[in-house]
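Working notes for the structure below.
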Amino acid sequence: MSVIDVNPIPLAPRISEAGVADYIALLKPRVMSLVVFTALVGLLMAPGSFHPVLAITAIICIAVGGGAAGALNMWYEDDIDAKMTRTANRPIPRGRVTRPEALTFGMTLAFFSVVTLGILVNWIAAGLLAFTIFFYVVIYTMWLKRWTAQNIVIGGAAGALPPVVAWASVTGSLAVEPILLFLIIFFWTPPHFWALALFRNDDYARAGVPMLPVVAGPDHTRLQILLYTVALVAVAAAPWPLGYFDVIYGVASLALGGWMLVLAVRVYRHRSGSAALRATRNLFKFSILYLFALFAILLVEVVAAAVLRLIG
């Protein structure tokens, strides 16, 4: 069993007062963009009428809740961030924002996002948003990430919940469709983050994070990436023959999934040298495009169906 060093290193002292850009960085805007986009698709797919103001309110609350979770993640992981090249320039390690400031910022945003969603939209959606924040901050950040190589697999549930929250904002209930969206993101998460972990392996090892390549080795990680990619392709395509999504989505999901599978096979085959590094980077980059494209196609289908209803 590997011994992981999780002892923190001293953080940089405050070098100046925090600016707006520092607090925006705490929100993890790149992650937030994915949260907003998948939530928007979930909201527009939901049946029934929904006032535009409430729709905008729901999306903003989900985005702010996701940002709050990101800020609380940075608050708790300041020791890890300081050790990793990829994260050393974040506001807390750089001394731009203190840990108490990040904690206060994150808790305030979390509270107001949940309460606002509950009061103005409905409390089922608010409860799901609160659970999402709790799962990401407590279950994933505080527990899973430091203690198990399955951190990404289990913790990925938090990142898969935004379209479920958005659907519940409209309907006040759950259904098969948002669960399908959840499953797509859930199975997408391991190949995406394990590809990152492969070419950032030294970074994670230095920080004491038990990512799969650190604990089980790169070769086992490559196998798991391939297996989860196969599962992802099947899960993403399944809604079409089951009658939940249309043929355009079905064909596109197979095409996108087929190429992602090709990239995963390349990761599995190339195990050393520049070819291995190139394969993992290509899979990581394409996985981002894959998810955005898949949900964009769903968005187009929803908008097209709405237009046809109006002119029909």
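Residue numbering: from 1, along the chain as shown.
Each Cβ is built from the backbone N, Cα and C atoms, and glycine gets one as well.
What you see is a predicted model, and the numbers here were worked out from it, not measured in a lab.
Copied over from Swiss-Prot, here are the features:
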type	residues	note
TRANSMEM	31-51	transmembrane segment
TRANSMEM	52-72	transmembrane segment
TRANSMEM	119-139	transmembrane segment
TRANSMEM	152-172	transmembrane segment
TRANSMEM	179-199	transmembrane segment
TRANSMEM	225-245	transmembrane segment
TRANSMEM	247-267	transmembrane segment
TRANSMEM	288-308	transmembrane segment
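Beyond the ends of the transmembrane segment (179-199), by six or more residues, the same chain brings 38, 41-42, 45, 152-153, 156-157, 159-161, 163-164, 167, 211-214, 218, 221-222, 224-225, 228-229, 231-232, 235-236, 238-239, 244-245, 260, 264, 267, 276-277, 280-281, 283-284, 287-288, 290-291, 294-295 to within a C-beta distance below 8 angstroms of the stretch.
Tertiary neighbourhood of the transmembrane segment (52-72): same-chain residues 26-29, 31-32, 35-36, 39-40, 43, 102-103, 105-110, 112-114, 116-117, 120-121, 125-126, 129, 132-133, 136-137, 141, 158, 162, 165-166, 169-170, selected by CB-CB distance under 8 Å and a gap of 6+ residues from either end. Against the transmembrane segment (247-267), the recorded stretches 31-51, 119-139, 152-172, 288-308 differ in Cβ pairs under 8 Å, and the greatest number is found for 288-308.
Only residues 6 or more beyond the boundaries of the transmembrane segment (119-139), in the same chain, are considered here, and those with a CB under 8 A from a CB of the stretch are 54, 57-58, 61-62, 65-66, 68-69, 72-73, 76, 110, 113, 154-155, 157-159, 161-162, 164-166, 168-169, 172-173. Same-chain residues lying 6+ beyond the ends of the transmembrane segment (288-308) with a Cβ under 8 Å from its Cβ atoms: 34, 37-38, 40-41, 44-45, 181, 184-185, 188, 192, 236, 245-246, 248-249, 252-253, 256-257, 259-260. Same-chain residues lying 6+ beyond the ends of the transmembrane segment (152-172) with a Cβ under 8 Å from its Cβ atoms: 31, 34-36, 38-43, 45-48, 50, 54-55, 58-59, 62, 66, 69, 117, 121-122, 124-125, 128-129, 131-132, 135-136, 139-140, 144-145, 178-179, 181-186, 189-190, 193-194, 197, 211-212.
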